[in-house]
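**Student:** A single structure is presented below for examination.
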Amino acid sequence: MLPPRSVPSERAPGVPEPEELWEAEMERLRCSGAPVRGLPYAMMDKRLIWQLREPAGVQTLRWQRWQRRRQTVERRLREAAQRLARGLGLWEAALYEIGGLFGTGIRSYFTFLRFLLLLNLLSLLLTASFVLLPLAWLRPPDPGPALNLTLQCPGSRQSQPGVLRFHNQLWHVLTGRAFTNTYLFYGAYRVGPESSSAYSIRLAYLFSPLACLLLCFCGTLRRMVKGLPQKTLLGQGYQAPLSAKVFSSWDFCIRVQEAAIIKKHEISNEFKVELEEGRRFQLMQQQTRAQRACHLLSYLRVNILIGLLVVGAISAIFWATKYSQDNKEESLFLLLQYLPPGVIALVNFLGPLLFTFLIQLENYPPNTEVNLTLMWCVVLKLASLGMFSFSLGQTILCIGRDKTSCESYGYNACDYQCWENSVGEELYKLSIFNFLLTVAFAFLVTLPRRLLVDRLSGRFWAWLEREEFLVPKNVLDIVAGQTVTWMGLFYCPLLPLLNSVFLFLTFYIKKYTLLKNSRASSRPFRASSSTFFFQLVLLLGLLLAAVPLGYVVSSIHSSWDCGLFTNYSAPWQVVPELVALGLPPIGQRALHYLGSHAFSFPLLIMLSLVLTVCISQTQANARAIHRLRKQLVWQVQEKWHLVEDLSRLLPEPGPRDSPGPKSPASQASRPRSFCPGFPCPGSPGPRAPPPGPSVVDAAGLRSTCPGPHGTPASARRFRFPSVAEL
């Protein structure tokens, strides 16, 4: 409470009265512009401050009262919306249960999966809003019959008897041929000339994938840097004290037995992580130089071996894709077309298992083990997808091979008349195959293994035990599926819808596998140390998808008889045409200048200056944070020294102590405090008292260290750095 308290009348000279202090505090609060809501006072005191700021004789303007009411209503609506969003959040209860039972490390995988689902829904919303709805609403004119081109193809392999003789509808669904004439693939989108419609479907179709990639990049980058300020503020070696977790971890609002059990598991997992990290830190501090050198050599040996395995896996994918494309006329074509996805799936299944086995042999810390395994799995996954894309480009677009069959039309028109649909079908099959493998391993491998381990006894089954839930492998599986979805945004615009369904089902499949069929890792790790790496892996997948898409949009000739860009040498050519049709000459010259070198060089210089300023500001903030951290340590040390001084001044309680006045002899026997408080930053303890007369400071403590001009040492023992120094 703010009203003054009654204190003894005897005070040292120069010390203000409590009434004066109270009035000064009231005047400061009345003149302060700080919001009353944020002041650390009780509600009664806040009302008093509110009345002091608005005296009865002053009439508040009407617009000020209206603005204040509006701000209050907006704040309450915002808080209600946040509570509603938290209450209706997707899988909140399931995530809470998983985090409590298995720790935040495994929960981070399911949170990451939910984030990918939201990204896919956002991409689907953009495509539906700017492409599908205008197509259904505007009904653009029919472009007319497709061009009847006579292809001069010696030794043409267009007829595929195996495909024509096969009439299995399920197989057509799995290969995507059942949806060739639907909006799932590029070839079904047809519109008339650009001058016949006010809304350009071609431009919307061209920029929708680019906008999806840009929004996904911004969302991933924002999620990745969310924890960086806290990491910078706390420092690399920061560890929360275990005492804080012991005395403040329990939630006393829990009233349900199930929630209490989950909370106990959560606290137990946090203690396991803290103790494991502390043990690892002590072991690292005790290592000698020879042990560190051996550790480095073993690190290099393991990574070289894993690198050789990755090179062999990429070579297998390349030769499998080449063999599948070179034997298209064979009777086993229907099986050969799934040979590349099968080899990719086999490599991605065996690779993480081998990487995990080799890395666990070196006994790394849990966080290092997860990140290192994830790094090599990233290299394997992205390299396999990159090799698959290169193989398709080599076969369809004649990249890196003889371009005799591509000279007439800019692509291999003899074998792929609508090459965008062919690429879309390959990516569609790869996405379907990945999801089917997830389902198959969950119910045909993990579930039978759990049943056998639980119902059979023996040394072998005890050694086998349940499958461990590997976070790096599961993260890479969904990242690979998301990368395939991003690669197919141009060729298969509705692929995000398919991937959203797969991610939604994958969440429940993985949750069932974790709770019923698998076991958590015996070495728990912290989620914050791997979440950043998860987002970095996702950004690498986004880059892998954006580079081929940019090359195709800007440089590759479109198909002659399907899609929106049949009459364009490249899809990007629709942009100059629309600029010439819709903008005046001044606007055209302005856009031409923005795309020229005369604008690029000043822009590059300006961006360099902005980057330099940002880096300088970041370094200044880091120095300020370092000084503030040291200042916080000094304050804590000063409080401890004050406690020690008070403990020396106070008498030891005894059975014969009385509340009456003490004798001078007993008072003289107490140890005196010299220079109370923290005397100097970095000193181990209180310094010896210099010779000189003792003075009594404002706090009533006796000190023998007077400062210059008679000021006591307690007033000058410590000075906080000013704002200018920070």
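Here the Cβ of each residue, glycine as well, is placed from N, Cα and C on the backbone.
Heads up, TrEMBL stuff is auto-annotated, nobody curated it.
TrEMBL lists 652-662, 678-693 with the feature compositional bias 'Pro residues'. TrEMBL lists 418-528 with the feature domain 'TMC'. What TrEMBL records for 651-726 is region 'Disordered'. The annotation transmembrane segment is assigned in TrEMBL to 115-137, 203-225, 299-320, 332-361, 427-447, 488-509, 530-551, 599-620.
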**Student:** What else in the chain is close to the transmembrane segment (488-509), if you only count residues 6 or more beyond its ends and a Cβ gap under 8 Å?
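**Tutor:** Distal contacts: 91, 94, 110, 113-114, 116-117, 120-121, 123-124, 127, 131, 183-186, 189, 205, 208-209, 212-213, 420-421, 423-424, 427-428, 431, 434-435, 438-439, 442, 478, 481-482, 545, 549, 552-553.
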**Student:** Any residues 6+ beyond the ends of the transmembrane segment (203-225) with a Cβ under 8 Å from its own?
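**Tutor:** Sequence-distant neighbours of the transmembrane segment (203-225): 115, 118-119, 122-123, 126-127, 130-131, 134, 189, 486, 489-490, 493, 496, 532, 535-536, 538-539, 542, 545-546, 549, 553, 564, 571-572, 574-575, 578.
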**Student:** Give, as a single whole number between 0 and 100, the mean pLDDT over the domain 'TMC' (418-528).
**Tutor:** 86
**Student:** Over the span of the domain 'TMC' (418-528), count residues by DSSP class, listing helix, strand and coil in order.
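**Tutor:** Across the domain 'TMC' (418-528), DSSP assigns the residues as follows: 84 helix, 4 strand, 23 coil.
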